[in-house]
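Trainee: Could you have a look at this structure, given as structure tokens, before my questions?
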Amino acid sequence: MVFLLCFFLVADVSYGINGDCELPKVVGPCRASHPRYYYNSSSKRCEKFNYGGCRGNANNFHTLEECEKVCGVRSRDSPKEN
């Protein structure tokens, strides 16, 4: 019984963040400049960046609120500019 409890606690911590949120920031090769947000796994915050418009990945959100909701960010610090 203790083993199962430990297993679920570890699983909860390990998988608490959506896997897409662990992807690196990808600006992409196109030349557009769309303001977007991505989850920075080092700072554990959603940060603003300019998306080029193509060949990005799933760690790319239209709003800070969407990024925080999907990636489980608890504190609402001001976003770090990149």
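Here the Cβ of each residue, glycine as well, is placed from N, Cα and C on the backbone.
Summarising the annotation, Swiss-Prot assigns signal peptide to 1-16. For 21-71, the entry in Swiss-Prot reads domain 'BPTI/Kunitz inhibitor'. The feature disulfide bond is assigned by Swiss-Prot to CYS21-CYS71, CYS30-CYS54, CYS46-CYS67, with sequence analysis given as support.
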Trainee: How would DSSP class CYS46 (disulfide bond) in three states?
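Mentor: Its secondary structure by DSSP: strand.
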Trainee: Sort out the sequence-distant neighbours of CYS21 (disulfide bond) for me: same chain, 6+ apart, CB within less than 8 Å of its CB, listed by position.
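Mentor: Expected: TYR39, SER41, ASN59, VAL70, CYS71, GLY72.
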Trainee: Do any residues at least six apart in sequence from CYS67 (disulfide bond), in the same chain, have a Cβ closer than 8 Å to its Cβ, and if so which, in order?
Mentor: TYR37, TYR38, TYR39, CYS46, PHE61, VAL73
Trainee: Using DSSP with the three-state reduction, classify CYS67 (disulfide bond) as helix, strand or coil.
Mentor: helix
Trainee: Among the disulfide-bonded residues CYS30, CYS54, CYS71, which residue has the largest number of other Cβ atoms within 10 Å of its own Cβ?
Mentor: CYS71
Trainee: Counting across all protein chains present, how many other Cβ atoms fall within 10 Å of the Cβ of CYS46 (disulfide bond)?
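Mentor: CYS46 (disulfide bond) is surrounded by 26 other Cβ atoms within 10 Å.
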